[in-house]
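Trainee: My structure is below; once you've seen it, I'll send some questions.
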Amino acid sequence: MRQRNKPWADEYLQENNHIVISDPKSKKGNWSQLFNNNNPIHVEIGSGKGQFILGMAKQYPEINFIGIELAKSIIVSAVQKIEEENLANVFMLNENAIDVREMFADDEISMIYLNFSDPWPKNRHEKRRLTYGRFLEQYQDILGANGEVILKTDNRGLFEYSVVSFSQNGMNINEINVDLHAIQDETNVMTEYEEKFSTKGQPIYRCKAAFEK
């Protein structure tokens, strides 16, 4: 779905630089100082309008969260929600996550969430998928011991591709779920897309995978 342009987005994000970190590369290795604690740090790549990361931050105040979203017209919605809730354990990055190692140091992150990522279904676009090998190499570097990558998607093709990619890149598969809502996981926090697709009866797929460290 094409997002409407919001001319005020740039100014709004600058005004809320206490939520949107403008130079994340300078914080590499020092995110705990920014949060002012040593709690685990979880990262969501592709946060959209922020429903998931806001819900997680409220549900788990003992965990720090960082959401990455490239589209200014979308991330402003997440920032507005965080500002309204006055949450201290979540920051947003208006960045392209093409190489997360530029923003995070080795072993600095405890969890990575990939929620309803673009499936890039054409073979020639395989390298753009966030579960492609070169991305997994980056995740391996920044994840600490026992750190997981958690994928949720409505796209079976991306799900199957990702499970294979995880395995081929040395990850242990901790969970494979082909109908997440059938198990009624009370800890599951839904994204906007997840609510939309699940109300239509579409199965939601989830996979949890981890590197051995």
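Positions of Cβ are set from backbone N, Cα and C atoms, glycine also.
Since we're looking at a predicted model, the values are computed, not measured.
Below are the features listed in Swiss-Prot for this protein:
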- Glu44, Glu69, Asn96, Asp118: S-adenosyl-L-methionine binding site (BINDING)
- Asp118: active site (ACT_SITE)
- Lys122, Asp154, Thr191, Glu192, Tyr193, Glu194: substrate binding site (BINDING)
- 124-129: region 'Interaction with RNA' (REGION)
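Explain the structural surroundings of these features, please.
Mentor: Secondary structure at Glu69 (S-adenosyl-L-methionine binding site), as computed by DSSP, is coil. Counting every protein chain shown, 26 other Cβ atoms lie within 10 Å of the Cβ of Glu69 (S-adenosyl-L-methionine binding site).
Non-local contacts of Asp118 (S-adenosyl-L-methionine binding site) by the CB criterion (under 8 A, 6+ apart in sequence, same chain) comprise Gly46, Arg128, Arg129, Leu130.
Classification of Tyr193 (substrate binding site) by DSSP places it within a helix. Every protein chain considered, the tally of other Cβ atoms within 10 Å of the Cβ of Tyr193 (substrate binding site) stands at 18.
Counting residue by residue with DSSP, the region 'Interaction with RNA' (124-129) contains 5 helix, 0 strand, 1 coil.
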Trainee: Just checking, which of Glu44, Glu192, Glu194 (binding-site residues) has the fewest C-beta atoms within 10 Å of its C-beta?
Mentor: Glu192
Trainee: Within 8 Å of the Cβ centre of Glu44, Glu69, Asn96, Asp118, which other residues of the chain have their Cβ, at the recorded S-adenosyl-L-methionine site?
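Mentor: Filtered neighbour residues, in order: Ile45, Gly46, Ser47, Gly48, Ile68, Leu70, Ala71, Ala97, Ser117.
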Trainee: Which ones in the same chain are close to Asn96 (S-adenosyl-L-methionine binding site), with CB under 8 Å and 6+ residues apart in sequence?
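Mentor: Non-local contacts for Asn96 (S-adenosyl-L-methionine binding site): Leu70.
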